[in-house]
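Everything on this sheet refers to the single structure shown next.
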Amino acid sequence: MDDHVRLSDQPIESREAEAFVGDPACGAIATFVGVTRDTFEDKTVAKLSYEAYGPMALKEMRRLCELARERWDVKKCAILHRTGEVPIGGASVVIAVSAPHRKDALEACAWLIDELKATVPIWKKESYVDGDAPPQWKQNDRDWAPPPRRTTTNHTR
Amino acid sequence: MEEQITVKVLLFASARELAQSSECTLELPRGSKTSDLRRALASKFKLLDVTSLAMDTAIALNQAYVSVDDDPVLSNGDEVALIPPISGG
């Protein structure tokens, strides 16, 4: 299988994803690492934790890999997402894509993180240092609605 | 044929906290739709506000999103999840 998707409550590493997607026929590996930030607006973040609807999240991640392959000439995709508490500065998500040529790898990787944030059922809760604000569940899109079952999109980047 | 169906309901993130429960089973009359399930959940968990359930929370049926325009009939043994606004990445 050319896709590798995984949820983990342990630290995730870009080299795991890159090692998986490496292929002799590919001249490019594009990697995205999402890292937890220590501030939100004017508040100082004390900790972050992620919760996932595991089986569905993995299904959606696999589906995104398949859609990426329909759209770009990519060889392998890997998506790793951390769950549970993630220390500030830790990787929360890693995406790696290999392709014969860099343009496909870069575009597919950028598309995958955008789509992951819009469709994969994972939630992040931020807690702030004392006095800043109560903990809150974050929201990627202000207008959340279940994503339609897209088989094609007019992606024009 | 049984008059009632049983569905498993999973609650996540803010929905889980509001309901103070991550999972429950609901018995519904045969022929019930996802909109009926929303109402049943709102009355089961008094803390869940019906409006926010209707407006902000998506539903996944057997691990696939239900489009906002859809209101599918539920079957016995279905797994239904309340999906509040997501924030992965």
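The backbone N, Cα and C atoms fix where each Cβ goes, and this holds for glycine too.
Remember, predicted model here, so these are calculated numbers, not experimental data.
As written in TrEMBL, here are the features:
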BINDING   A:HIS101, A:ARG102, A:LYS117, A:LYS124, A:LYS125, A:GLU126  substrate binding site
REGION    A:128-157  region 'Disordered'
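Features as recorded by TrEMBL, highlighted on the structure.
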residue: A:HIS101; record: substrate binding site; contacts (Cβ under 8 Å, 6+ apart): A:GLY27, A:ALA28, A:ASP73
residue: A:ARG102; record: substrate binding site; contacts (Cβ under 8 Å, 6+ apart): A:GLY27, A:ALA28, A:ALA30
residue: A:LYS117; record: substrate binding site; contacts (Cβ under 8 Å, 6+ apart): A:ASN140, A:ASP141
residue: A:LYS124; record: substrate binding site; contacts (Cβ under 8 Å, 6+ apart): A:LEU48, A:SER49, A:TYR50, A:SER92, A:TRP137, A:LYS138
residue: A:LYS125; record: substrate binding site; contacts (Cβ under 8 Å, 6+ apart): A:LEU48, A:SER49, A:TYR50, A:GLU51, A:PRO135, A:GLN136, A:TRP137, A:LYS138
residue: A:GLU126; record: substrate binding site; contacts (Cβ under 8 Å, 6+ apart): A:PHE40, A:VAL45, A:LYS47, A:LEU48, A:PRO135, A:GLN136, A:LYS138
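Proximity to chain B (CB-CB distance below 8 Å) holds for none of the binding-site residues A:HIS101, A:ARG102, A:GLU126. Considering only the residues assigned to substrate binding, A:HIS101, A:ARG102, A:LYS117, A:LYS124, A:LYS125, A:GLU126, the longest pairwise Cα distance works out to 38 Å.
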